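What TrEMBL records for this protein:
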DOMAIN    B:10-517  domain 'Cytochrome oxidase subunit I profile'
TRANSMEM  B:21-41  transmembrane segment
TRANSMEM  B:61-82  transmembrane segment
TRANSMEM  B:103-121  transmembrane segment
TRANSMEM  B:147-173  transmembrane segment
TRANSMEM  B:185-212  transmembrane segment
TRANSMEM  B:245-263  transmembrane segment
TRANSMEM  B:275-294  transmembrane segment
TRANSMEM  B:300-319  transmembrane segment
TRANSMEM  B:340-362  transmembrane segment
TRANSMEM  B:377-398  transmembrane segment
TRANSMEM  B:410-431  transmembrane segment
TRANSMEM  B:451-474  transmembrane segment
């Protein structure tokens, strides 16, 4: 075994941790209460266990080549983990921890750029009557959204809202229809109200995008055939 | 003794010289595959309008040319040198993990079968550039993107194992008396490069795994609609991508540092400083990545910081350039093929580095970003930089490996035709870029036509010049009529443990570790 100790309890530990991690991911997806805490707990315990295993292996390896390989392997593995750590790190460093952390005074007014798009090749055009709205805490702003169905078939649609910074999404409340049905060539106009729930920051660049999507989720990531559509479009 | 001709021998060989040769031959094959793609690109751009291929296929060629050149040609060529030379130079009988070494190499053909196989997949090969930016590679990526991701994983594992092997070899198998500071500069350059590789390849693996889960498992790492951010992909990619550039160039520095003293007949000027400079470049390479993203909307202070760090890289790089120049100063220089390519490297890589400085300046980058200026810049750095160093290395060590000399006249022809062609190809790209021609387009405005015609002619000429190189190598390795056998030292002033071995180097070398009393750059 070249001095490698692989005690049974290590395998049991690894198996237990893997099953638990998978279960916690499922619970997380199902949004079960405390699933997030369980997930991070397992992540830390698992990471710690793995680090200990590497340490134990290299400490007991009687061959210095093997010891080098294990140390280098651990370094490589930690860099893989680091690539995932960079995801929350990126959002913290580049977008701020949350909008509330950089709040200005209670009376601050934020200017929000409003954009509207229809998702991928949806044959519906969408317009808003205001490019920018100003929001203060507790304030409300209304603007009009116009939809035009350019196809000869009816469209079942829903509106998604994306904000930049993304933490901003939780501090505003939009009064808007859940689902919209557009008949062939129909033009529809409806008001949309934005209410701010928490204090706003006036020193940040904020934008809000209304994303129109069909209710069948066509074009969602992983379910898309947009590459084929693009090729078809190119070939005319 | 086993026959060295059977396929089973080459599949199962664990000898570092055999594996080094496999890496080098594989790399040559990939050079020609990716070079053929470059010629398709240049043919398409030789005149305005659609000439040869449709735009989608053009994009596929651009993507595969970049990926195959970097991961299939340049990196394996440098790994080939590492395999051949490191054990010889440090007095080791072989690499630390010979079987892992074999596995590292044989992962490459698997990875590239997957990568090149994408050309035959429905929807064609990946068409979004070697940078794989999301959402082009997620939402709009063709199905073959998944093959490409798997290929990158396989190649990543190969690189990680190879770098672990190199580090373990250097740490554990040095001959008695070979302290770290006595190691040749080439070994130092690979030592630092291996750490760099080990640090960045897992980052790339993690990033492409995120692409995969975004494409198929409902995650939204790079999708704004799901709370992710496509810009984050660029950060992650360039956190890998910029050090990757140094992974390519640092072993090239090592080769040049071996060649120039030999043909200047002088010890390397400031050898220790050269080592520190390589280490400094490696450290700095981790804090410059945002210079690839100056126009993505990052804040002004971030831009200033990264502009500063980018310009800072010029300091250790300039130290190296000045030291090589100082080595040549008042040397008894002769211009054999390795020296020709090294001097070519010195001039042309410096030129590429200077245009890099221009790109590193934020307001200037606003003008150059995504134009042919960038293409010209990095081709000077990679082709007349890294590729020239590889050629210098082959011409330098090939007689030692085979025991036979090659034609210096033909090699000089190779150098001059390559150099004229490379300048004809890459210099006008700067003018095109300054005039506003964007990169990654299959067609262009009529006023770019003349320079593009020149670039295409240069490209084909460069491709032709490499046939001379192939002829020389094939003739040297297999030809019956050689240009005479060589002595053990081969070159008059070649210093180091490898030159003490017989020429050609025996299959098993340094069975008894030699005793080292001084560094190869310390001359009597």
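Backbone N, Cα and C atoms are what each Cβ position is placed from, and that goes for glycine too.
For the transmembrane segment (B:103-121), the residues of the chain that approach it from at least six positions outside its boundaries are 11, 19, 22-23, 26, 30, 33, 60, 64, 67-68, 71-72, 76, 79, 142-144, 147-148, 150-152, 154-155, 157-159, 161-162, 165, judged by C-beta separation under 8 angstroms. In this chain, the transmembrane segment (B:300-319) lies out of contact with the transmembrane segment (B:410-431); the count of Cβ pairs under 8 Å, excluding pairs fewer than 6 apart in sequence, is fewer than 3. Contact between the transmembrane segment (B:340-362) and the transmembrane segment (B:451-474) is absent: fewer than three CB pairs lie under 8 Å, with pairs separated by 6 or more positions in sequence.
Listed by sequence, the residues of this chain that lie at least six past the ends of the transmembrane segment (B:245-263) yet keep a Cβ under 8 A from its Cβ atoms are 70, 74-75, 78, 81-82, 184-190, 192-193, 196-197, 200, 271, 274, 278, 281-282, 285, 320, 324, 327-328, 331, 333-336, 338-339, 341-342, 345-346, 378, 381-382, 385-386, 389-390, 392-393, 396, 491-496, 521.
The recorded stretches the transmembrane segment (B:61-82) and the transmembrane segment (B:451-474) do not share 3+ CB pairs below 8 A when only pairs 6 or more apart in sequence are counted, and are therefore not in contact. Per-residue confidence over the domain 'Cytochrome oxidase subunit I profile' (B:10-517) averages 94 (mean pLDDT, predicted model).
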